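For reference, the structure is listed below as structure tokens.
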Amino acid sequence: MKYFVNADFALSRPPEGPVAIYIIPFAEWLVDRGYGLVSTRNQVLMAAGFSSWLRQKGIGLSDINGEHAGRYLLDRVQRPKLGDDAALRHLLAFLRSQNAIAEEIEVDHNPSAVEQHVQAYERHLRDARALSRQTIINYRPVVRDFLSFRFGDGEISLAQLRAADVTDFVQKKVSRLNMRRAKIVTTALRSFLSYARYRGDITSDLAAAVPIVANWSLSSIPRAIGRDDVSRLLSSIDRDTPIGCRDYAMILALARLGLRSSEVVTLELDDIDWVAGRIRVRGKHGRNELPLPADVGEAIADYLWRARPRNASRRVFLRDKAPIRGFVGPSGLGSIVRRSLKRTGIDSPTKGTHQFRHGLASEMLRGGASLGEIGEVLGHRHVQTTAIYAKVDLDALRTLALPWPGEAQ
């Protein structure tokens, strides 16, 4: 008896095993992410075979993990094909999204001395401190580098740590880093040393020995792309293609609204009020509502009407390759900008997306806008953040200078 997965294909028999009840939802999940009929069918067949194998091995749904997927590929009679491994990864990701199986925990069965300490610290951050996954990802390599710097491949005795070890490591580590990364290093190191003292591995407060990274927030001038280069870049995009239509709208939003890349990629359909001509932005400090310039609105509408794939996602801008969904993070837009700059041959001061934000602020300053007005558009919470743009236009600054007492008028 055939088992119809959807209107387009069926399995030769009903699936069996712990994953059987998830076969149809898994197929729908794949279709929603833009996978074609052939790819969806192949992945569903792989999932059904995996489920049968799990049943034969007596493995329950809640016990499934990545190791089982690897064993199944080795046990199969059929020769592994390109895409088999990816199909099982997608299935496990889907099952985790349904809370059917636990999140995968990477286990090193023969960890080094350094790695044992890193893993214990990671468990502390996750279980005792309940820190976010991204924070743990940021802290782990710092601790690994610090322990390797001090102890190498030898035995680790945290009781031997001295303040000089801490300062030497920080000085060598942060000399090559920008301000943001340097602060992550010092914060992670303080966290680890506080943890070590809490455990009794060290008795001194070595966290206090971690140097403070100076924060000269106004020490550098923002590197802004010029207005002519923005026009040239936008003109170079082929808006007759779906990808070009999307890229044009996204880059125009960067340039005309001064949005952060994360704010562009997280825009949702409900954030745009077409009648009032307003757009809601999810900024660093909550939501901010801005007027929607006509050219930006027209570009977004053109993309939605002509080029956006049909998809259940509420994100405005979607990826062009499967899985079809919103961008996972701002790096996708950064790649679009870098490719566009390279294609056009524009020698911009930087290759990132923030140059458009700086460019808008500089143009507003030259046009007579106050720092308060610029900060409101950019979503700055404090005027000190916006004050850095006052260094950009010396001619504008000269008009603000007061005459010295007694100076000839």
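Backbone N, Cα and C atoms are what each Cβ position is placed from, and that goes for glycine too.
Straight from Swiss-Prot, the features:
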DOMAIN    112-197  domain 'Core-binding (CB)'
DOMAIN    220-402  domain 'Tyr recombinase'
ACT_SITE  ARG260  active site
ACT_SITE  LYS284  active site
ACT_SITE  HIS354  active site
ACT_SITE  ARG357  active site
ACT_SITE  HIS380  active site
ACT_SITE  TYR389  active site, O-(3'-phospho-DNA)-tyrosine intermediate
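Mapped onto this structure are the features recorded in Swiss-Prot.
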residue : record      : CB count, 10 Å
ARG260  : active site : 22
HIS354  : active site : 18
ARG357  : active site : 24
Between the Cα atoms of ARG357 (active site) and ARG260 (active site), find the distance and write it as a whole number of Å.
7
Can you grab the distance from ARG260 (active site) over to HIS354 (active site)? Cα atoms, rounded to a whole Å.
7
For the domain 'Core-binding (CB)' (112-197), the number of residues DSSP places in helix, strand and coil:
69 helix, 0 strand, 17 coil
Grab the pLDDT values for the domain 'Tyr recombinase' (220-402) and give me their mean, rounded.
79
